Number of protein chains: 2
Amino acid sequence: MVTKNKSKVRVIPLGGLGEIGKNITAIEYGDEIIVIDCGLAFPDTEMYGIDLVIPDITYLVNNKSKVKGLFLTHGHEDHIGGIPYILRQLNMPVYGTKLTLGLVKSKLEEHNMLSDCTLIEVKAGESVKTDNLKIEFIRTCHSISDSCALAIQTPQGVIVHTGDFKVDYTPIDGEVIDLQHFAKLGKQKVLLLMADSTNVERPGYTVSEKIIGENLTRIFGKAKGRVIVASFASNINRMQQIVNSSLHYGRKVAFSGRSMEKISDIAMELGYMHLDKNNIISVDDIDKYPPEKVTIITTGSQGEPMAALSRIAYSTHKKISVQKDDLIIISASPIPGNEKLIARLIDELFKKGAEVVYNALEEVHVSGHACQEELKLMHSLLKPKFFMPVHGEYRHLKRHKLLAESLGMDSQNIFIMETGDVLELSRNSAKMAGRVTSGSIMIDGLGIGDVGNIVLRDRKHLSQDGILTVVVTIDKESFTVLSGPDIITRGFVYVKESGDLLKEATELVKEEIDKCMDKRITEWMVIKSNIKCSLGEFLYNKTRRRPIILPIIMEI
Amino acid sequence: MVTKNKSKVRVIPLGGLGEIGKNITAIEYGDEIIVIDCGLAFPDTEMYGIDLVIPDITYLVNNKSKVKGLFLTHGHEDHIGGIPYILRQLNMPVYGTKLTLGLVKSKLEEHNMLSDCTLIEVKAGESVKTDNLKIEFIRTCHSISDSCALAIQTPQGVIVHTGDFKVDYTPIDGEVIDLQHFAKLGKQKVLLLMADSTNVERPGYTVSEKIIGENLTRIFGKAKGRVIVASFASNINRMQQIVNSSLHYGRKVAFSGRSMEKISDIAMELGYMHLDKNNIISVDDIDKYPPEKVTIITTGSQGEPMAALSRIAYSTHKKISVQKDDLIIISASPIPGNEKLIARLIDELFKKGAEVVYNALEEVHVSGHACQEELKLMHSLLKPKFFMPVHGEYRHLKRHKLLAESLGMDSQNIFIMETGDVLELSRNSAKMAGRVTSGSIMIDGLGIGDVGNIVLRDRKHLSQDGILTVVVTIDKESFTVLSGPDIITRGFVYVKESGDLLKEATELVKEEIDKCMDKRITEWMVIKSNIKCSLGEFLYNKTRRRPIILPIIMEI
């Protein structure tokens, strides 16, 4: 031990609390920091034009020399999606299981930075040591293979981070959650538990993935033509089950959609999915087989407009179009916010003549997160001294706190924290100890953080009522208007439908400018502000709309 | 009978098929047309800045002299919300039950047009005659009081339109659905059934409204302080139950939110809600009573940012703020698309320290629409010869068709139609017979239909990447640039964060213009197009964004 035994452990969630996505947590002891996960979040509806959101890691960058490594629980985007952006600012070794690293690798390749990064594979059951800490990888079940919880042994005690998990006694890959290991940790005493709160509102148990396979096989049995299944590309066990159902009926399998092709390749290469090459066909060749011998596994289960299934539905897919007798299965449930997109997609598929099966009708999807009874099991195995609910919006964290209390935990020992809060722990105590810089970095195209609140506010405003540009050229010597004012609009009204509105508006602006010229006002700001004011009022009275008004004065 | 017996009946849905909202149907026989309902729809997420959508009634306007009246099934916005806009184009008498007309009246008052309109009250069980048609109002149950189905007796047979309905054997107001009347019609033979498809995906029965009352009283019993209940203002039976639960515990009731105040007034005045004046308190006075003696019934159950509950949550309500021990009940379920807004609202209320109860935790809301078993009951009572599923998106209509087939109906006799399709019926036959003009009219502020697809496309584009305006003043005689080019952006990048991007862009535009000047190009379109082209490419390469580029050339 290099550091004095008396250092406290600091646990700092830098994302993922009070929000869904961009999970990242720092654990600091003395002069060491380890980082757990580094995910991205998808933009809120208010984040107009934003592609992705990543966590602000200023705190880690400011403590660069302390950071020992990034430890990954599993390979979902909300746990690994931020890595390419973060490693550019802070290059640290990345530890994870084989599949998780396989997905990270492909991501880093796309960003052309794989050669600069260090990826270190760890198997479930193994551990990694730093000077003062020991990080154990513990097998869990989730909707992606090779998921792990992490137990971090610190000089003050053990911290357990469940990652995302569910308790599945009959997982498809046979990799049952390592309950014994959790029990052993509980026996030895756990200082702090950080546990997944996603499904805490749901009573009972999450159904085993295996049930979905049985349902799929039954539904496949009714198909007269092709079966097209949309699912999350990362759900490799689901993919395996779709493959199994297909083989059961002698169907060949085609993969459609970039991420589906990519992840199925990685999964097969690394041994997480088993499918004989003879049974794989290219999307180019599907028409060479009788429809009842073809399954297509595709992206687009969330109704994403550019994903394969939407392109199939709206007839913009180059190679696949809906045929009579197609049976389409949406083996996923809507991520909140996507409900309407998915409903529209299902409508379109029905209209094109396909049969569509989705979760409202048949159980063709199951969550990857623990429901109440599974959470109780985890709490009861680990019996932690302190507890911090993680992965969830505020109401989830709050419910998870109540759940822990219902198991007898002291409410003083439970910490509902926000991103950036610091929890300081010793062997016998835990307390909130200030905050560090944290937040969201928005990514728009190539820009990382160059779009902020003012730009977003403008985009929202533009989306509501459009913009109206007023241009005038003025001779600043003689105070005369040389050209204009001209009004050009976008997103405001149909010029043809607007009657005399814009003509009247132009007249109004002309008067306003003439007044300023007469008064010899040379302060352009004043003229602009006068134009904005009177034009804004005029337009609001006429239309009840408030477009952005952009007065531009060209002076000669 | 004025018209020859041989005229066919034409049924023309002008809205509400393949969509949720703006329900309106025309029934035409000889030289008579009657209209059933006239609703509005709320804009899709793609309809940037649009407030409301109403049906296109060109067909009715073109056949003005035939139109005998508007017959209303119930007072929900998706059935009456279009009336003020439609009556301006086509003034016809409006028939409906007392509460329905009470709500229409208040709407027409707001639009200052009540004195020009004819409202004729009809009681459930009564009927209205035109020359050739007889329209019977039949009591149903729904999430608003005084709902009716309509049976239209035509010389070719009876057409039954269920309106929105559920089968509630224990409704709060004692007004049980008139199953006997439906049975009688079925016995006499029904030519065509048009039935509500909203809940056709749900098996079983919709729970009785009464159960919700029992649950509310139980939950109220746990409240230590104030109870704040958010619900749909139009759900008067729900309001009555909230009132009953409040009185049970000696609580006074305050109404908060414009539509809640308005509709509770109308409901009490017309006798649809019973609450002694002594037990009503103003929102201004709530602090004069002990918290455990106060209930606030409020709007905002959908997380609408401007509604009372959101203003309470985000501390922008002038009179109500969240207090310790407040129990807040969201007695509604999310309308698709509102899930995220509501989740954020619940989070905020929890954060402010309130206890929040919502449908994920307790049964505090029930649907107003029939589930599968209720639909089967209606089909079995009426045994129609022909069937047209209505009120639903395409998948609902399709599922409803399958449900009818499962009851033995011939699939040839079932018509899944689109808005604008015409169904022509005689005593023994039904067939699709062309289409009439139909569609959506978008309302934005005071503008009715002045925003179309180009404006929406621009608003979408603006919301994604913003706008970049390039202005230059040119002397058209000498081919010289007198001022500019200047670049002004909104919603594109933070100017401060963008480094030299805009400087480089300005240089590029300057070169482009100089080239054109050198070549003596006087066609401004060419110059503008060149600027758009090269600037667009430059910006895309630098940022991967495609703002709207608006080149403006001022000539002198």
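Using N, Cα and C of the backbone, Cβ positions are placed for all residues, glycine too.
All annotation found in TrEMBL is predicted automatically rather than curated by experts.
The feature domain 'Metallo-beta-lactamase' is assigned by TrEMBL to A:21-216.
According to TrEMBL, the feature Ca(2+) binding site maps to A:Gly49, A:Asp51, A:Asp444. Taken residue by residue with DSSP, A:Asp444 (Ca(2+) binding site) is part of a strand.
Here TrEMBL flags A:His74, A:His76, A:His142, A:His391 as Zn(2+) 1 binding site. Just so you know, the Cβ of A:His74 (Zn(2+) 1 binding site) picks up 27 other Cβ atoms within 10 Å once every protein chain is counted.
Annotation source TrEMBL lists Zn(2+) 2 binding site at A:Asp78, A:His79, A:Asp164. Non-local neighbourhood of A:Asp164 (Zn(2+) 2 binding site): A:Thr73, A:His74, A:His76, A:His79, A:Thr140, A:His142, A:Ser143, A:Ser147, A:Asp196, A:Thr198, A:Gly368, A:His369, A:His391, each in the same chain, at least six residues away, with C-beta under 8 Å from its C-beta. Mapped onto three states, the DSSP output places A:Asp164 (Zn(2+) 2 binding site) in coil.
DSSP gives A:Asp196 (active site, proton donor) a strand state. For A:Asp196, the entry in TrEMBL reads active site, proton donor.
A C-beta separation below 8 Å, combined with a sequence spacing of at least six in one chain, links A:Ser234 (substrate binding site) to A:Gly75, A:His76, A:Glu77, A:Leu103, A:Ser143, A:Ile144, A:Ser259, A:Ile263. Here TrEMBL flags A:Ala233, A:Ser234, A:Asn235, A:His365, A:Val366, A:Ser367, A:Gly368, A:His369 as substrate binding site.
Of all Cβ atoms in the protein chains displayed, 21 besides its own lie within 10 Å of the Cβ of A:His369 (substrate binding site). Annotation source TrEMBL lists active site, proton acceptor at A:His369.
DSSP assigns A:His79 (Zn(2+) 2 binding site) to a helix. If you draw a 10 Å sphere around the CB of A:His79 (Zn(2+) 2 binding site), it holds 29 other CB atoms from the protein chains shown.
Closest to A:Asn235 (substrate binding site) by Cα-Cα distance, out of the binding-site residues A:Gly49, A:Asp51, A:Asp78, A:Asp444, is A:Asp78. Of all the binding-site residues listed (A:Asn235, A:Ser367), A:Ser367 has the fewest other CB atoms within 10 A of its CB. Among the recorded positions A:Gly49, A:His79, A:His142, A:Asp164, A:Asp196, the ones whose Cβ sits under 8 Å from a Cβ of chain B are, in sequence order, A:Gly49. Summary of the Zn(2+) 2 site environment: with the site residues A:Asp78, A:His79, A:Asp164 set aside, the chain residues having Cβ atoms within 8 Å of the Cβ mean position are A:Gly21, A:Asn23, A:Asp37, A:Gly39, A:Thr73, A:His74, A:His76, A:Glu77, A:Ile80, A:Gly163, A:His391. Each of the binding-site residues A:Ala233, A:Val366 was scored by other CB atoms within 10 A of its CB, and the lowest score goes to A:Val366. Comparing CA positions across the binding-site residues A:Gly49, A:Asp51, A:Asp78, A:Asp444, the one lying closest to A:Val366 (substrate binding site) turns out to be A:Asp78.
In the structure shown, the C-beta of A:Asp196 has more C-beta neighbours within 10 angstroms than that of any other entry among the recorded positions A:Asp51, A:Asp196.
Same-chain residues that are not part of A:His74, A:His76, A:His142, A:His391 yet have a Cβ within 8 Å of the Cβ center of the Zn(2+) 1 site turn out to be A:Thr73, A:Asp78, A:His79, A:Ser143, A:Ile144, A:Ser147, A:Gly163, A:Asp164, A:Phe165, A:Asp196, A:Gly368. Each residue contributes its Cα atom, and for A:Asp78 (Zn(2+) 2 binding site) and A:Ala233 (substrate binding site) these two points are 14 Å apart.
The binding-site residues shown are A:Ala233, A:His365, A:Ser367; of these, the one with its CA atom nearest the CA of A:Asp444 (Ca(2+) binding site) is A:Ala233.
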